[in-house]
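*Asks:* Right, I'll just put the structure down here and ask away after.
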Amino acid sequence: MVSEQIIDISGPLKGEIEVPGDKSMTHRAIMLASLAEGTSNIYKPLLGEDCRRTMDIFRLLGVDIKEDEDKLVVNSPGYKAFKTPHQVLYTGNSGTTTRLLAGLLSGLGIESVLSGDVSIGKRPMDRVLRPLKLMDANIEGIEDNYTPLIIKPSVIKGINYQMEVASAQVKSAILFASLFSNDTTVIKELDVSRNHTETMFRHFNIPIEAERLSITTTPDAIQHIKPADFHVPGDISSAAFFIVAALITPESDVTIHNVGINPTRSGIIDIVEKMGGNIQLFNQTTGAEPTASIRIQYTPMLQPITIEGELVPKAIDELPVIALLCTQAVGTSTIKDAEELKVKETNRIDTTADMLNLLGFELQPTNDGLIIHPSEFKTNATVDSLTDHRIGMMLAVASLLSSEPVKIKQFDAVNVSFPGFLPKLKLLENEG
């Protein structure tokens, strides 16, 4: 991944757009539709590189998945008819694919090997392996912490598990494994984390009880699964880049339609409101996965903010671009309790600070977050996504604060979650 992209976009940004389907929900919809015997339609899925890795793996297990315009048609023989794969299951750059399938394949008892790219090979897997081994999963990694993960058949038992980190991926790995146990599993969370697995289990007829910080599964829950059609809302993590772009670019007025606003994911909306940003939600729908249209207008004199506690997991993937937003506030902002950023595609505490500081902004990395001072774009250094899609898009948004073009190395990383990101940003420039 060595592509360079020159970003030359100026404001104001004006217009109405949709963003690609939610990445987290697309992964889970493919997994659940594949487990269920019969046909499921997944509408407006995200077909970035990460979700394609998930699709490819289920095809190897014997599931027929067809792309049909803006939907996926999943025809599955059901989990009981899955084939043993006779090759390594390649997860690419996808932590979601790797960690959730570690649980799912352990539960299924299918002999398999999960392995990803160089970035995935550096990301910790012990947080998933520990609870799975407590469930009697036969799963091993390099140094008990890294891919490749080798899975062998076993009989999964239920556990009572106190989460060590607020991680939806760890929680979901346990939940997927627990589907195949004839015991009850109880998970106690530290903080609220995204709950798409729980809401989508119900959508596919799998019984599950969820209170605020406690989740309980039913014995032999997999036997209840049924195929279902699912409409994937727009990804709020992708919408975040346009929300921030409109807030920091004079005279901008942007509306994003059909964005998922699940309360476990909508931290960026809470943060923008606390900072005094001009943001309005309308056309709201309710249901398992609520949606809204979001209108954002340029807002000078944003108020500084401290982001900590339960707000952090609700905005974890958006924190790099939120850090950029905080540079435009009238005082110093702080992000705390965000150690989870260290184990993303890159250490996002360091990469966010390093890349924005190169451009003249003033950010100090801390052990669990960032201190962000009011600062401006001062120098047109060449920056680098470091193969992290969210860093690449954040830097493209930062370029709106420069009067000169900005060169970003390894920009094609954005295709992981948002193919067509740059043309969509340019569309708003042209409509302005």
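Glycine too: its Cβ is placed from the backbone N, Cα and C atoms.
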*Asks:* Let me know which member of Arg123, Arg194 Swiss-Prot also records as binding phosphoenolpyruvate at the site of Lys23, Gly95, Gln169, Arg348, Arg390.
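*Replies:* For the phosphoenolpyruvate site that includes Lys23, Gly95, Gln169, Arg348, Arg390, Swiss-Prot also lists Arg123.
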*Asks:* Fewest other Cβ atoms within 10 Å: which of the binding-site residues Ser24, Ser167 wins that one? Let me know.
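*Replies:* Per-residue Cβ counts within 10 Å for the binding-site residues Ser24, Ser167 bottom out at Ser167.
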*Asks:* Do you know offhand how many angstrom separate Arg28 (3-phosphoshikimate binding site) and Arg123 (phosphoenolpyruvate binding site) by C-alpha?
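*Replies:* Roughly 21 Å, rounded to the nearest whole number.
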*Asks:* Widest Cα span across the 3-phosphoshikimate binders Lys23, Ser24, Arg28, Ser167, Gln169, Asp317, Lys344, in Å?
*Replies:* 19
*Asks:* If one looks at the chain holding Arg390 (phosphoenolpyruvate binding site), which residues at least 6 apart in sequence have a CB under 8 angstroms from its CB?
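*Replies:* For Arg390 (phosphoenolpyruvate binding site), the qualifying residues are Ser237, Asp317, Pro320, Val321, Lys344, Glu345, Arg348, Ser417.
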*Asks:* Using a 10 Å cut-off, grab the number of neighbouring Cβ atoms around the Cβ of Arg28 (3-phosphoshikimate binding site), all chains included.
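*Replies:* Arg28 (3-phosphoshikimate binding site) is surrounded by 25 other Cβ atoms within 10 Å.
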